[in-house]
Structure formats: structure tokens, C-alpha cells
């Protein structure tokens, strides 16, 4: 934060502690990316309102150059004009009528593949083909200026590729863009409440910035356009066997194009016959931001069950564009390495190979690319499917 702004907050700390209306301002500070959900929860844990206000002002001083004008905007939007004018006068400059906080574009689709096991298997019973309900999840382009997230140039290319590819695989595709943190969770909650009994499968594709997050099953988190991140673990939980009964026993696929952290992998040397190196684009970028801490908020029952049952995370596959903790590369002209190769492999092999085999092809192809002639990337997946999954393509 600018030292002048920090001084203003310190000068008027007592006024803020006495008069600040907290309940209305928390959601706005979260949506504008000034604070994360964890920071809001920590402030609320301080107890009395004045103690919460005191902690909020203290934390605000650490939140970067855009935090002060965004805070003034929050005060105005919640009707706390006297406090806003007090801080503005202390600044000695007029605050613009609004702080430009443009959400960004990014898509995510949930589509419809058919679940089948290899026809020559003795235990194979072809499932009845049903139209598949697709769904989508979001991601951004012009991110909140307080979030430290940059525009994801080239992401629209990824979105178009995935939409066309899954339509060619006989999916019904829905693309949603510009979703904030709370809207991502709302869309996933709405999806979980739908009746999927007439459908074979559900697919969610997310293109966004990503980061590390605390987890006990699926690593990583993806950011809404306003900055706060949603853990991948939470996203998958919406559709697991407990929370989405109509998808029980059906494959739930998640494709995550986002960084898993901030580390850059330089790889290791191998003999020439071990790899066929290729160069990335001339303007490769990453989808990484600093590490955050998030936790799963969906309650899970641990009550014993003597009925016939399946494990809660069964029939879920999460495919990540990069290894946990590492950045994921994206060419601003051609799109991300992961999506480009996923699209190609599905086009060339979707009619003949199962999904897991095709993901191994994607892993191998992406591993051969180098960013700036130096940095590497290794996709991977967490696979809890119980059967081989084959898509129905137009070539089938």
C-alpha cells in the first residue's frame, strides 16, 4: 500500500473502529479481491465488532496499492459516505467515482461422454445411451486489480477448442464466463441439485489462474475473476456420491487448466532417444500466483453404513495441466500447452482409445515442450474411475 494511504488509515483508525459497519462490507472486500475468505474468517474470529474493525484496518494496510481505493469504494457502496469522505479528504485527492474492477473471461464446460467398458470384456454390459447434460465452470480474463492476477491471453483459444471438441464427441456444451468466487460455488451447487438420472456422465472444464491450497484429497485451487480461490477438492465434492445422488455410479470428469503453484520446472537431462523436445511459443505465460490456504467446507458424514455402497469419491477423475506446486504454461497466440494437446489427442484417438490412455498421450506430448528453451511441464491426473471410459465420437 502507498505510504500516504497507510498513514491516512492510521490517522483515522479510531473513527473506523467506532463507526465502521462490518457485515455489509465483508462481502464487497471479498468480491473485490482485497481479502481472501480465510482472512475474512480470521477477522470475524476476533470477537466484538470493534476488535474486528481494528483487525480489518490493520490487515488492510498490507493489501497492496489498490486496496485503499477499493476500500473507499466499498464504503460508498454500503452507504458509509461519511467515512469515505473522511478518508478521501485525508488523502488530499479526489477518488474516482468507481474503482475499475473488471471481471475476466474464462470458460468451463461440463459435457457428456458415454460410459462403456471394452466390448470384448466378458463382464461388459453396454449401458443404455442417454443424452448427456453438460455443465460448465468459469474463469476470468480482466481480473480484479487488487488480486495480483493478470489477464490470461490465449485462454479464449482454449475455450473455443474445448467447446468444439466436446461437441464433436456428442456432448451438450454450456460455457460460462466471468464468474466470481461465490458464483463458481453457486454454479456447482446448482449443478449438484439437478436431476442427472437420464444422463451418463458429467464433465467440468476450468480455465483459470490457480494456486496451491490445503487439501486431503485433490490438490490445488482455481481463482474467480474477483481473486479469491475455490479449492479443487471443494469443486469435486459438489458432484460426489453423497452430494449429487443422480450422478452416483457415473463418471465425473474434471479438467483443470491452471497452475498448481509457483515453482518452475527446469527438468533433467536424458539421452536423445528418451525424448523428442519441442519449443513452446514465443510468448509463453504461466497461470501462477502466490500460495493460498483454503479448506473444504462441505460437511462429510462418517456414520457407518451397512448397506451396499460405493466409496464417496468413486467414479471421479481430475486431470491437471501440471504437477501440484508447479506453474502451467500458456502461449498467448496458440493457447495452453495442455489444452492444445488434449484437443489434438481427443480428435485423433477419441473413437478408439479409452480416456486414461489418451491422458497418458497428453502427458507425454506436453512433457516434450520447453518454455523459453528451459522450463518444462508435466500434466497428471487423480483417477478414481472404476471402469474404462470411451467417448462416442462422430467417427464411431
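Including glycine, each Cβ sits where the backbone N, Cα and C put it.
Curation plays no part in TrEMBL annotations; they are all automatic predictions.
These come from TrEMBL:
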{"type": "COMPBIAS", "residues": "113-123", "note": "compositional bias 'Basic and acidic residues'"}
{"type": "COMPBIAS", "residues": "292-301", "note": "compositional bias 'Low complexity'"}
{"type": "DOMAIN", "residues": "1-90", "note": "domain 'CARD'"}
{"type": "DOMAIN", "residues": "143-263", "note": "domain 'Caspase family p20'"}
{"type": "DOMAIN", "residues": "306-393", "note": "domain 'Caspase family p10'"}
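Across the domain 'Caspase family p10' (306-393), DSSP classifies residues as 26 helix, 20 strand, 42 coil.
The DSSP breakdown of the domain 'CARD' (1-90), given as helix, strand and coil counts, is 67 helix, 0 strand, 23 coil. Residue counts for the domain 'Caspase family p20' (143-263) under DSSP, helix first, then strand, then coil, are 36 helix, 21 strand, 64 coil.
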